[in-house]
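S.K.: Please read through the structure below; I'll follow up with questions.
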Amino acid sequence: MATATIALQVNGQQGGGSEPAAAAAAAAAAVVAAGDKWKPPQGTESIKMENGQSTGTKLGLPPLTPEQQEALQKAKKYAMEQSIKSVLVKQTIAHQQQQLTNLQMAAVTMGFGDPLSPLQSMAAQRQRALAIMCRVYVGSIYYELGEDTIRQAFAPFGPIKSIDMSWDSVTMKHKGFAFVEYEVPEAAQLALEQMNSVMLGGRNIKVGRPSNIGQAQPIIDQLAEEARAFNRIYVASVHQDLSDDDIKSVFEAFGKIKSCTLARDPTTGKHKGYGFIEYEKAQSSQDAVSSMNLFDLGGQYLRVGKAVTPPMPLLTPATPGGLPPAAAVAAAAATAKITAQEAVAGAAVLGTLATPGLVSPALTLAQPLGALPQAVMAAQAPGVITGVTPARPPIPVTIPSVGVVNPILASPPTLGLLEPKKEKEEEELFPESERPEMLSEQEHMSISGSSARHMVMQKLLRKQESTVMVLRNMVDPKDIDDDLEGEVTEECGKFGAVNRVIIYQEKQGEEEDAEIIVKIFVEFSMASETHKAIQALNGRWFGGRKVVAEVYDQERFDNSDLSA
């Protein structure tokens, strides 16, 4: 039918149409005719598509292998995560731009008759002053230092929103200065007080306020005056494993506390490493600042200072970090969905692989889902954060996902066979007096007064047992020879397997004639061997010297920090 129609059209146009048009019509008719003559080979099936048409042949695809299916699921998960991140970033940027636009419009309208109400005008001025107070100028930066180094040095004072380094387009290097913007003004104030003239990359950096602070100085002074009415202090560089109650128990040694709150991330629910404490008396806040600033709590040096702004809930974003509430809710829902999918996928895989009576599925599933967070002991020196080394394999714990019912996780029968053996092993490893506390007992421990800091430190240090022993006051620098390392290795080998021995000479000053002390570090394969060696060697006399044997922090040792 199509061939006949086109042929009629061609014949109808032969008289009055042009030759190119006739040739094109004839070519089209030939193509259609060829299509009508072609038939699919026998034995093939047609596939009917959504638009009603059918394909001539069925393209058979091989089934996916289990590895390909797993890779496909991972790709889908990654795509979903990236989509969530993209949406959150866009919403956050739009939210911040809207706030900036509102402030700019407020400033413009205030310059032309001020149609805003007095309360709105004051709020806009205070927001602008707070934004300026969150920024610090950093000058005299060595040209080889990058943004990562600046961030690492200034991060202990509080979360950094942005670092703006000015770059030279000709030399492709920065111009030696930068602006660091924090989330809260107190972080910028602490950085200003403690980082000015600090040696960084061989130079003494200069830290000060931006040059445009002058126009906001009256509002800043007013905020500082209002802050004096509240006995609040700012605490930063808080260990991630510490809770509000832990910090409160440590700081209430200086006086009665009215409130203690750590700022939290709305997406993860974890605190952001800083918070505010309000005392009933001004003297208590002063004592806390003078005593707790640069206090080593769990391997991180606390940064403590007076609050420079009053509590202003009306002027702060609805959610911490400036994230819109809708974005926070969306992120939480998406995260829960991904977690649920992981739980279902993990349960399905284990259901096909597990052998009844041999391995408990709950113990197997604990590795990807329920690994406990490792303790972070991450400071070589005040203001410097080092890398994190996992302490030991995570303890298997089954954590059920919200909204997901998994029959495999519910009371496996083989778990009861393994528990008596586990209890017997614990009895052999730990005497009754030295048995470690259960995690639930540690979470509800009650500590206060002067011993609070010691108790919190013990709670943190229990999570990572060190295998390193340090021997002090054992030899003089002049007594060091080639045989000393072998002698120490042989002597300490009586208590366990020695991985390595390091003899470290530490100079106690910059002067040429400064005293040099010798530390000998011995790393064992197990923490129990370390404790056994310390008990045997501590207090022993060696060459007329009384040896001091102590446990050395594992994280410092792993990061080659032998200065403690």
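Residue numbering: from 1, along the chain as shown.
Placement of Cβ uses the backbone N, Cα and C atoms for every residue, glycine included.
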S.K.: Which residue from S121, S249, S259, S290 is recorded in Swiss-Prot as phosphoserine?
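M.R.: Going through S121, S249, S259, S290 one by one, Swiss-Prot flags S249 as phosphoserine.
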S.K.: With every protein chain in view, what's the tally of Cβ atoms within 10 Å of the Cβ of S249 (phosphoserine), excluding that atom itself?
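M.R.: I get 23 for this one.
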S.K.: Would you mind ranking the recorded positions K85, K256 by how many other Cβ atoms sit within 10 Å of each Cβ and giving me the lowest?
M.R.: K256
S.K.: From the recorded positions T65, K85, K256, pick the residue whose C-alpha lies nearest to the C-alpha of S249 (phosphoserine).
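M.R.: Of all the candidates listed, K256 is nearest in space.
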S.K.: For the domain 'RRM 2' (231-309), what's the model's average pLDDT?
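M.R.: Across the residues of the domain 'RRM 2' (231-309) the model's pLDDT averages 92 on the 0 to 100 scale.
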S.K.: Tell me the Cα distance separating T65 (phosphothreonine) from K256 (N6-acetyllysine), rounded to the nearest angstrom.
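M.R.: Rounded to a whole number, the Cα-Cα distance is 64 Å.
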S.K.: Rounded to the nearest Å, what's the C-alpha distance separating T65 (phosphothreonine) and K85 (SUMO2 cross-link)? Just drop the number here, would you?
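M.R.: Spelling it out, the Cα of T65 (phosphothreonine) and the Cα of K85 (SUMO2 cross-link) are 30 Å apart.
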S.K.: Going by DSSP, how much of the domain 'RRM 1' (134-212) is helix, how much is strand and how much is coil, in residues?
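M.R.: Looking at the domain 'RRM 1' (134-212) with DSSP, the answer is 24 helix, 31 strand, 24 coil.
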